[in-house]
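Some features that TrEMBL has for this protein:
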BINDING   His2  Ni(2+) binding site
BINDING   Cys73, Cys76, Cys89, Cys92  Zn(2+) binding site
Amino acid sequence: MHEMSLAMSTVDLVVETATRQGFSKVTGVWLEVGRLSCVEADTIAFCFEAAARATPAEGARLHIEHKGAEAWCYECHLTVTLERRGQPCPQCGGFQLRVAQGDSLRVTNIEVA
Ligand SMILES: [Zn+2]
């Protein structure tokens, strides 16, 4: 499952970060999920809980924030925001777009104890 491997690398990352800073427990994780990432919030939350089991991140609260994708429009020469995959440029209606971000997961903050 796609989400399972994402959840496992997220757990690895937050545990490593917390440990390096001398904390033994992760109590909260803020995860930014791009709207174009095809990741289901419910699925990632479930997988995160499973992946965190028996690690310092066990029982950590997962906060999911959805983020619109940023894309560069070759027609407008502007950075525009997309809310879903396959959407045309909101300015000119064109499809000459290069997605710059919003298609991935990113840990934005962690809470440690
Ligand atoms: Zn455009």
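Glycine too: its Cβ is placed from the backbone N, Cα and C atoms.
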Listed in sequence order, residues not in Cys73, Cys76, Cys89, Cys92 with Cβ within 8 Å of the centre of the Zn(2+) site Cβ atoms: Tyr74, Glu75, Leu78, Val80, Pro90, Gln91, Gly93, Gly94, Gln96, Leu97
Cβ neighbours of Cys76 (Zn(2+) binding site) where a neighbour is any other Cβ within 10 Å: 15
DSSP-derived structure type at Cys73 (Zn(2+) binding site), helix or strand or else coil: strand
Listed binding-site residues adjacent to ligand 1, that is, members of His2, Cys73, Cys76, Cys89, Cys92 whose C-beta is under 6 A away: Cys73, Cys76, Cys89, Cys92
Local backbone state of Cys89 (Zn(2+) binding site), from DSSP in three classes: coil
Residues near Cys92 (Zn(2+) binding site) in space but at least six apart in sequence (CB under 8 A): Cys73, Glu75, Cys76
